[in-house]
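Everything on this sheet refers to the single structure shown next.
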Amino acid sequence: MAGIFKEFFFSTEDLPEVILTLSLISSIGAFLNRHLEDFPIPVPVILFLLGCSFEVLSFTSSQVQRYANAIQWMSPDLFFRIFTPVVFFTTAFDMDTYMLQKLFWQILLISIPGFLVNYILVLWHLASVNQLLLKPTQWLLFSAILVSSDPMLTAAAIRDLGLSRSLISLINGESLMTSVISLITFTSIMDFDQRLQSKRNHTLAEEIVGGICSYIIASFLFGILSSKLIQFWMSTVFGDDVNHISLIFSILYLIFYICELVGMSGIFTLAIVGLLLNSTSFKAAIEETLLLEFWTFLSRIAFLMVFTFFGLLIPAHTYLYIEFVDIYYSLNIYLTLIVLRFLTLLLISPVLSRVGHEFSWRWIFIMVCSEMKGMPNINMALLLAYSDLYFGSDKEKSQILFHGVLVCLITLVVNRFILPVAVTILGLRDATSTKYKSVCCTFQHFQELTKSAASALKFDKDLANADWNMIEKAITLENPYMLNEEETTEHQKVKCPHCNKEIDEIFNTEAMELANRRLLSAQIASYQRQYRNEILSQSAVQVLVGAAESFGEKKGKCMSLDTIKNYSESQKTVTFARKLLLNWVYNTRKEKEGPSKYFFFRICHTIVFTEEFEHVGYLVILMNIFPFIISWISQLNVIYHSELKHTNYCFLTLYILEALLKIAAMRKDFFSHAWNIFELAITLIGILHVILIEIDTIKYIFNETEVIVFIKVVQFFRILRIFKLIAPKLLQIIDKRMSHQKTFWYGILKGYVQGEADIMTIIDQITSSKQIKQMLLKQVIRNMEHAIKELGYLEYDHPEIAVTVKTKEEINVMLNMATEILKAFGLKGIISKTEGAGINKLIMAKKKEVLDSQSIIRPLTVEEVLYHIPWLDKNKDYINFIQEKAKVVTFDCGNDIFEEGDEPKGIYIIISGMVKLEKSKPGLGIDQMVESKEKDFPIIDTDYMLSGEIIGEINCLTNEPMKYSATCKTVVETCFIPKTHLYDAFEQCSPLIKQKMWLKLGLAITARKIREHLSYEDWNYNMQLKLSNIYVVDIPMSTKTDIYDENLIYVILIHGAVEDCLLRKTYRAPFLIPITCHQIQSIEDFTKVVIIQTPINMKTFRRNIRKFVPKHKSYLTPGLIGSVGTLEEGIQEERNVKEDGAHSAATARSPQPCSLLGTKFNCKESPRINLRKVRKE
């Protein structure tokens, strides 16, 4: 620190002036960014002119000079090392990594061959004109300054122009790589010239090779290693977000300075680190947001300081050399750079259009006009001007500095006007009329939701005297995407290219592509949300997001499970290595032909295919290692030269004998094994080596050193035979690694299924077209069914993986909920910060323990399955009674457990395997009339049940025929509980079993409906609190029931059907009853609803419900009012129920996963509502 202050400041007395100057620059820069964002002159130019004005004014006032000197004593090299790392890392970090992968070859062609051609052309032009009368080294440095670009300003210039995602990524990637290569070229030339001046003996070839190895290859590898270490640290370390930020900030600067000290390119290394890191490298949403905001803040501060300091650091005497011809020369350089860059891109455009994602000739104009020059150019010019080495006179350095800075300013001003005009003329804005109409409708929907929320607040008595006219006026926003009349009426109808029929414009290809893009965006958001909630691992979310991003620009294509599988396999080398070992190295014992009929060949066959022969071969290989090691030690090689020579002959004889025996035993089949050919080739090379050694004329043909090198190489190839020994062990290691890949793939499948389920809840908001909506929904349902089927097969083949993943996932969910509860206690003041921090450390320790755990959890047995059924409540008496007549039933693949319309025989608990549930007659059983009118969704008639799930519960409770068929897709093992025995359990054990079964079904259906209809509500602590206060209530058929109470949250119909007494509208289960429904009446004999209420006044609520339950309805099954209590409380209330003739309470359990057909209800969305208490009118 003392050295930095000594270099940064002239003296410690300058510290107040420096702090005041930095604060002033930050304030002025923030003001300019806010108020002059659309000003014709760019903000960087204004900041630079302010710095220049401050430098000029320093000669008129001693007070101003005092502040200017405090900044000017900073070394340009230190200035470069402070601000440049922040800018380059932030720019690389903010890029679209997945699009850069698709455009990799295009960026590589433009950045390396294109840069070289452009650099040579600029150098040729400058040397030909020779206006500045410079030397060759100065021309080389000046050309590097002019060719470079500013990636931060370039990205900012094209961000809001509406360009396509591919073009933006191409421009950003090319600008970043061009600036990095320019800096490497500039630094290499200066280093080479410095060595020439110090009279060191280095050739140009050595400098070029050394520069490529150190600045490019070594920096690239070190960047990859650093990014992997940072990602590993971020995924395993649990701690404070502020500590994460400070440590990452320190690590990045540490990486930069380590690279600079050892001779690598710190800028290139940080660019690689920024590109390899992305949003999925962070553990939580808060941490990600803090880091992004922190780096954005640093980059903006660096932006303000850099351009203001540029004006201050340019010496005032530079302006003394300025003439009008210099300004003209700078304009000439600017126009020449544009022409040469255009010619370069035009020259390589045929190759770019073939190797990349897409490329258009219009892109060339935008790439030329979008190139902004700024910080790297001026920084290199300052480094040259302030260099202590001799690169020219002060006048020559001042000319290079002036022209470099002036060209940058001209580029910033002129390109700001040209670029938007060029985009509009060339028609490259990615903003079509369909997209604008879609965004306009989205904005209108947003306004409607805002106004409806305001309308609901009008009934609040505390806001009765508020000025609602002013409130409504304040929340009414002007639609920025409002279309004019021409845009609204144009292209209302288009003709189908196949049938020449007019169809709705909203159903054209453009609208379909827009819907597909939004679908992919929603999928990515779902995967990232699952990662933040620690449901998905970091590697799994990277694969899912990468696969979705890879389809972002593919027109007419949608992501499916096959594309994810191909994408994940393309990222892994384990599969390739295993195939290589199996096909090339590992020699199987299965010969294609049997032993020969000839005695000699049959004896050879018997000898070769024995364990002893193979082991002797391995022993010979191991023994050959010792002479090989001795031959590599020069002193021992001279002493034992004769012995090594004869030993080599002996081993070669053994190899020849082995090859002859194998050829005699296997005959032509010998040449069908790759390993045999490899061994034979090594043996032939050994024979050739002996021949060359024994012939004396070899000394006259080859150099003796070359002969020695050849011998060593041959001996090394011979030792490679030892690889055959470790090949089986390597296969075992790879197989173990691939078993981990199964767990990884299982996590991907679960994340993909959840993502598709999330998409189904927001399908209405993706598009307003009914046809497109139906197509998207069919596609999502098809993909989800395929994924569930794949998940079932994987779970059947590897049940231990499924149990382990589900267990660890649920542990993470529960620990996250514990964190949410702890935060809620802290906000309410129940617990102090110190106490909360101590408890949080315990939670983090548990999370780390789960993360580090490598144990495999075995699947549940038949006896253990019963202990995990919620409605048995781990009661030994209940379980023992059920086990009396419960039996294990196994079904073969393809067998039907039951068919649609069959009478229920009992409950099937799946122990292992996968069952497909399907409705052959979608209209049978449950009437979907109401929902089909309100929604344009097709009814889902297929589902898959996996291990641990239960089939037939609701049919046994209602004694209704099965409304779906169950077919085994694998061998299925189930625990079957007969229906009669289940009824006996209700009567002999306790009616609570039946009530808890209804409660379990109600929780499952309620959880699913809330997730479907209220997807914007996080599945967190608050939602779990709501589900812990649920009640299952019977709705009578002959009595109207009011729905109104301030303590109610939701009312969900889980079985049967009800009618809205006011609107005469029918709702069939499962359905979320809307707020517009104030009074309902059952229209079926058996109807149940789930009530979710706030935690207050629960006892009063239960009593109120008991009071209004009709006693004369004999056909009503005794209902359930669930509460959060113990089993003893439930038994006590059961006695009260018997006395009062009412219903009893039971313990509420956590909701189990409910499949779409497990409850056999297929109902969709209804408006979001606040629901109330059930009472009898």
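A Cβ is built for glycine as well, from the same backbone N, Cα and C atoms used for every other residue.
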Are PHE744 and LYS395 co-located with respect to the membrane, according to Swiss-Prot's topological domains? no
Do the transmembrane segment (361-391) and the transmembrane segment (104-129) come close, with at least three CB pairs under 8 A (pairs 6 or more apart in sequence)? no
Tertiary contacts of the transmembrane segment (266-279), defined by C-beta under 8 angstroms and 6+ residue spacing from its ends, are 84-85, 88-93, 95, 97, 100, 176-177, 180, 183-184, 215-216, 219-220, 222-224, 226-228, 230-231, 252, 255-260, 288, 292, 528, 542
Local confidence of the prediction over the topological domain 'Cytoplasmic' (280-286), expressed as mean pLDDT: 51
Please list the DSSP helix, strand and coil residue counts for the topological domain 'Extracellular' (634-637). 4 helix, 0 strand, 0 coil
